[in-house]
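Quick notes on the structure that follows.
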Amino acid sequence: QEDEYINIESDLHENKRASADDEQPHLKGHFEKTYDKVCEFYGKHKTRIHYVIYGVLVTAYLAVVTAACIINFQRALPVFIITIVAIFFICWDFLIAKYEDRIAELFSPWEEYLKKQWVWLKWVLCAALIITIICWLIFDTTKKGSPQLISFGGLVMYVFLMFIFSKYPTRVAWRPVLSGIGIQFILGLLILRTRVGFDAFNWLGIQIQTFLEYSDAGAKFVFGDNYKDHFFAFKVLPIVVFFSTVMSMLYHVGFMQWLIGKVGWIMHIFMGTSPVESLVAAGNIFVGQTESPLLVQPYLPYITKSELHAVMTAGFSTIAGSVLGAYISFGVSSSHLLTASVMSAPASLATSKLFWPETEKPLITLRSGLRTAKGESKNLLEAASQGASASITLVANIAVNLISFLALLTFLDSALSWVGNLFDYPQLNFENICAHVFMPFSFMMGVDWEDSFIVGGLLGYKTFFNEFLAYERLSKLIQNREKGGSMYINGVKQYMTVRSEAIATYALCGFANFGSLGLVIGGLGSIAPSRKKEIADGAFRAMIAGTVTCFMTACIAGMLTVPGLEVPCHILLQNASNFTDVPANNTELVECCQHLFTSANDLEKIFPSGNYSLTSWKVCCQILGQPSFHCT
C-alpha cells in the first residue's frame with residue numbers, strides 16, 4: 001500500500017511529447033530522396049511490376065521445360081504434361097473471371113434449347129447408355145470370362161437395395177444417381193482399361209511412393225538406424241506426420257482449395273448436386289471426413305437434411321490423404337488406392353441421393369462458387385509446423401485404436417474359440433463369423449468364390465473395427481502371394497488371386513466403420529452446433545450409404561479389372577485351375593500356355609517340373625487343345 005502510484009497512460013503521453021521535442025527538422029539527402037521516389041513509383045505501378053516479375057519467372061520456367069524436352073522428351077514427358085494442364089486451367093480461370101457473363105450469354109440459346117428438348121432427350125440418352133452397357137458386357141464377357149457379369153449384377157443389386165430402403169423412395173431424383181454411377185464407370189474405364197490412364201495412375205502411384213519414402217530421413221534421425229525393426233510405429237506413423245505437413249503447406253499456398261474447387265465444380269455441373277455437397281465430396285478425395293466440412297463451415301447451418309446426409313456419406317466413402325500413405329507403405333497397390341479415392345467421390349453423392357433423396361429446396365445455390373475457408377498460418381514455415389503439430393492427434397488416435405482393437409480382437413477370438421470347443425468347433429473366431437456374414441456381399445462384387453470368405457472377413461474387420469486393421473491383414477495376404485508357395489496349408493487358403501486383392505482394395509477404401517461414426521457425430525457437431533440432433537439422426541444411415549458406396553466402387557473395379565494382371569504365369573494357371581469354366585480365349589492364359597508348351601518342346605523330360613504343376617498343364621491342354629504328345 002505504500003508503493004508509489006504509477007499512471008501508465010500519462011507516462012506514455014509524456015514520452016510522446018518528449019520524443020516530439022527531440023525531433024529536429026532536417027533536409028533530406030540525395031539517397032533518401034531517391035528512395036522516396038522509388039517507393040512512390042512502386043506504389044503507383046505495383047500491379048504492373050508484379051505482372052512483369054511473374055512474366056519473367058514463367059518465361060524462365062517455360063525455357064527450362066523446353067530445353068528439357070529437347071534434350072530428352074521421354075524423360076521430360078511428365079513435366080510437359082503437368083505444364084500443359086496448368087496452362088489450360090490458368091487460361092480457363094482468367095477467361096471465366098473476366099468474360100463469365102459473355103460466355104454464359106453465348107451458350108444461353110443452347111441451354112434453352114436443351115431445356116425444351118430434355119423431356120424426350122433424356123430417355124434417348126438413357127436408352128443409348130443401357131444398350132451400350134449391354135453390348136459392352138456381351139463383348140467383354142466373351143473376351144474376358146464371366147466374372148465381370150457377377151460384378152455388374154452386384155452393382156445392380158446394391159442400387160436396388162438402396163432404392164428399397166430409401167427414406168423417400170418415391171422422391172428419388174435419378175439424374176444425380178445415374179450420372180454419379182456413370183462418372184464412376186467412366187473414370188474406372190479410363191484408368192483401368194486404357195493404357196494411357198493405367199500408365200498415368202501407375203506413374204502417379206510410384207511418384208507418391210517415392211515421395212513418401214523421404215519421411216524415412218526424419219524417422220531415421222529420431223529413432224536411429226534400426227527404426228524399421230518397429231515397422232508400424234517408426235516407419236508407418238512418420239508417413240502420416242510427413243503427409244499432414246505437406247497438405248498443410250498446400251493449403252497455405254491455396255493449391256488444395258483451387259483443386260478441390262475444380263473437382264467440385266465438375267460434379268456440380270454434371271450431376272446437378274448442390275455446390276456445398278459437391279465441394280465436400282471433392283474435398284474428401286484429399287482430406288479426412290472431419291476436415292473437408294471445414295471448407296464450407298459458414299454454410300453448414302443452412303443446408304438441407306439431404307445435403308447434410310450427403311456431406312456425411314462423402315466422408316464415410318473415402319479415406320484421407322494422410323492415411324493413404326500409410327496403406328501404401330503396407331504394400332497395398334498405390335494405383336488402386338488412388339483410383340478408389342477418385343471413383344468413390346461421385347459415387348458417394350449418387351448413393352446419398354438415392355438413400356436420402358432431396359425433399360427440400362436448397363438455400364445455398366451460389367453459381368459463382370463458394371468461398372472456401374483458408375488456413376490461419378501467416379507463412380509457409382508456420383503452415384508446415386501447424387501441419388506437423390496437427391498430425392499428433394491423428395497419429396495418437398491411430399496408435400491407441402490399433403492397440404485397443406487388436407487386444408479386444410484377440411480376447412474375442414479366444415472367447416469364441418472357447419465357446420466353439422464346447423461344440424467341437426475350436427476354429428470359431430470373429431473372422432469366421434464375419435466371413436459368413438459378408439461373403440454374399442463380397443461374392444457379388446466379383447470376388448472368386450473361394451476368396452469371398454477371406455474378403456468377407458476383411459470387410460468385417462473394416463466395419464466393426466477400422467480399415468487400418470483390414471488393410472494390415474490384406475497386406476499379409478499380398479506378401480504371401482508374392483512369396484509364392486502352396487496356396488493351401490492344412491486346408492486354409494494362404495493368399496488370393498490378384499483380381500480378388502484388387503476388388504478388396506476398393507471395397508475397404510473408406511472410413512465407414514463404427515469408430516468413425518462417433519468421430520463424425522462429435523466432429524461435425526462441433527463445427528455446426530445448431531445441427532447436432534440432425535447429424536446424430538442421420539449418421540448411421542450415412543455410414544451404411546458410405547459402406548455401399550465402397551461396395552459399388554468395388555463392383556465397377558470387378559467389371560473393369562483384367563484377370564491375371566501382374567500375375568506370374570505359374571500362379572495364373574494355378575488360379576485358373578480352381579474354376580470349372582476356364583475362358584478359352586483369355587489372352588493372358590493363352591500366352592502363358594504357349595510359353596509353357598514352347599519351353600517344353602526341347603525337353604526330354606515331359607513330366608511337369610519347376611513352377612508348373614500337373615494341374616497347370618491340364619488347364620493349358622483344355623485351353624489350347626494340344627496334341628497327345630504334351631497332354632497325355
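Cβ from N, Cα, C; glycine included.
Residues annotated as domain 'Concentrative nucleoside transporter N-terminal' in TrEMBL: 154-225.
Feature annotation from TrEMBL assigns domain 'Nucleoside transporter/FeoB GTPase Gate' to 233-331. Secondary structure of the domain 'Nucleoside transporter/FeoB GTPase Gate' (233-331), assigned with DSSP and counted as helix (H, G, I), strand (E, B) and coil, comes to 81 helix, 0 strand, 18 coil.
Taking the domain 'Concentrative nucleoside transporter C-terminal' (336-558) as a whole, pLDDT averages 86 in the prediction. Residues or ranges marked as domain 'Concentrative nucleoside transporter C-terminal' in TrEMBL: 336-558.
Sequence annotations record features per position, and here TrEMBL assigns transmembrane segment to 51-73 (among others). For the transmembrane segment (51-73), the residues of the chain that approach it from at least six positions outside its boundaries are 79-80, 83, judged by C-beta separation under 8 angstroms.
The transmembrane segment annotation in TrEMBL covers 79-97 (among others).
Sequence annotations record features per position, and here TrEMBL assigns transmembrane segment to 118-139 (among others).
Taken from TrEMBL, the feature transmembrane segment applies to 145-165 (among others). Residues 137, 172, 177, 181, 351, 354-355, 443-446, 448, 499, 503, 545, 548, 551-552, 555-560, 563, 581, 583, 586 of the same chain sit 6 or more residues outside the transmembrane segment (145-165) yet have a Cβ under 8 Å from a Cβ within it.
The transmembrane segment feature in TrEMBL is assigned to 172-192 (among others). Tertiary neighbourhood of the transmembrane segment (172-192): same-chain residues 126, 129, 155, 159, 163, 166, 198, 200-201, 267, 270-273, 335, 339, 342-344, 346-351, 353-354, 357-358, 552-553, 556-557, 559-562, selected by CB-CB distance under 8 Å and a gap of 6+ residues from either end.
For 231-253 (among others), the entry in TrEMBL reads transmembrane segment.
Here TrEMBL flags 265-288 (among others) as transmembrane segment.
Within the same chain, residues 205, 208-209, 212, 235-237, 239-240, 242-244, 247, 273, 276-277, 280-281, 284-293, 300, 337-338, 341, 344-345, 347-349, 351-353, 355-356, 391, 394, 398, 467-468, 471-472, 474-475, 509-512, 516, 520, 524, 531, 534-535, 538-539, 541-543, 545-547, 549-550 sit at least 6 positions outside the transmembrane segment (308-330) and bring their C-beta atoms closer than 8 Å to a C-beta of that stretch. Summarising the annotation, TrEMBL assigns transmembrane segment to 308-330 (among others).
Feature annotation from TrEMBL assigns transmembrane segment to 388-412 (among others). Distant neighbours of the transmembrane segment (388-412): 232-233, 237, 240-241, 244-245, 248, 322-323, 326, 429-430, 465-466, 468-469, 515; these residues of the same chain sit at least 6 beyond its ends, with a Cβ under 8 Å from one of its Cβ atoms.
Among the features that TrEMBL reports, transmembrane segment is placed at 503-527 (among others).
Per TrEMBL, transmembrane segment is recorded for 539-560 (among others).
Remote same-chain residues near the transmembrane segment (265-288) are listed as 173, 175-176, 179-180, 183, 247, 256, 259, 295-296, 299-300, 303, 307, 310-311, 314-315, 317-323, 341-342, 345-346, 348-350, 352-353, 362, 364-366, 369-370, 372, 511 (criterion: CB distance under 8 Å, separation of at least six residues from the stretch ends). Broken down by DSSP into helix, strand and coil, the domain 'Concentrative nucleoside transporter N-terminal' (154-225) contains 60 helix, 0 strand, 12 coil. Within the same chain, residues 148-149, 152, 178, 182 sit at least 6 positions outside the transmembrane segment (118-139) and bring their C-beta atoms closer than 8 Å to a C-beta of that stretch.
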